[in-house]
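This report refers to the structure that appears directly beneath it.
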Amino acid sequence: MLIRLTDRTAPAPSEITPEALWRSRRDVLRGAAAGALSLWLPPALAAPLKASPGPFQASEKPSTFDEITRYNNFYEFGSGKEDPAKYAGSLVVRPWTLTVGGHVQKPLTLDYDALFRVAPLQERVYRLRCVEGWSMVIPWVGFELSALLKQAQPTSKGRFVQFVTLERPSQMPGQRTGLLPWPYREGLRIDEAMHPLTLLAVGLYGQTLPAQNGAPIRLVVPWKYGFKSIKSIVAINLVEHQPTTTWQSVNPREYGFFANVNPAVDHPRWSQANERRIGEFGRRPTLPFNGYAREVASMYSGLDLKRWI
Ligand SMILES: Nc1nc2c(c(=O)[nH]1)N[C@H]1C(S)=C(S)[C@@H](COP(=O)(O)O)O[C@H]1N2
Ligand SMILES: [Mo]
């Protein structure tokens, strides 16, 4: 008689993380032997995404799925690093509406499904450096913001781009407090917004974004401090004048409009010379423009980076 023994070394389907899935897919791409590609779906709503490798990739090893999804800043769900993972499950992302308006020739309204069809999805492994002094490496899935803006056709008056997060206190407990002025807002100069590094992310580790990372769509500007990378966006407006951003309005002395990662300019209350990579001991030096100087420094030639923080 044949007795079938369960293979105790193989993980149960529920234990196959998006990270393991991502690594095995990457091995397939590299031509290595592939394990079974079982589908791992986390408790809430995540769906696998098809993405091809994009042109820019950080060389360091990506942070783990757990690190990326359990240590977050998303004040709409509280100010503690673990609050977003605890509370963001209450956020309902379907249906969703993202509008692109202001100084454009073709105002756009995108529903949830349209967010994934703006352009072919790419994977971009980027460093993220928080102004507080920690960093991660995140395998985003998304498309260049420029692809969406080109569809809307900015006019010559669209010199800046303003971004607005969802305001829905019933599902965002932080918005029932005065922690920040709501809704969260950010902004970029048009050349920064059109730069090929600037991404709208709809996923990470090959699946749709966990709520705590800004589902269903968030900005990623890898050469700037993390607070520029606004989450759960509902509006993108082309505007003529530099828009006020949330952190600037809260404390203009500590947080500027540009917020380019700069180890040579300290935060008034701490040094920015180095950083702690989540999951590592010790600190590593912070790089000018978070390591993307070759790609972006020319946009700031003639700008005094000590003054325009
Ligand atoms: N709407 C909104 N977007 C936000 C924030 C926030 O509090 N609210 N925090 C910012 C900060 S300070 C950082 S460092 C990054 C963190 O992104 P992550 O949690 O996906 O790593 O999100 C940014 N985007
Ligand atoms: Mo941050």
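Placed from the backbone N, Cα and C atoms, the Cβ positions cover glycine too.
Per TrEMBL, the Mo-molybdopterin site holds Asn72, Tyr75, Glu76, Cys130, Asn213, Arg218, Ser229, Ile230, Lys231; the candidate it also names there, chosen from Thr99, Thr155, Thr165, is Thr165.
Secondary structure at Ile230 (Mo-molybdopterin binding site), taken from DSSP and collapsed to helix, strand or coil, is coil. In the three-state DSSP scheme, Arg218 (Mo-molybdopterin binding site) is classed as strand. A mean pLDDT of 98 is what the model gives for the domain 'Oxidoreductase molybdopterin-binding' (95-247).
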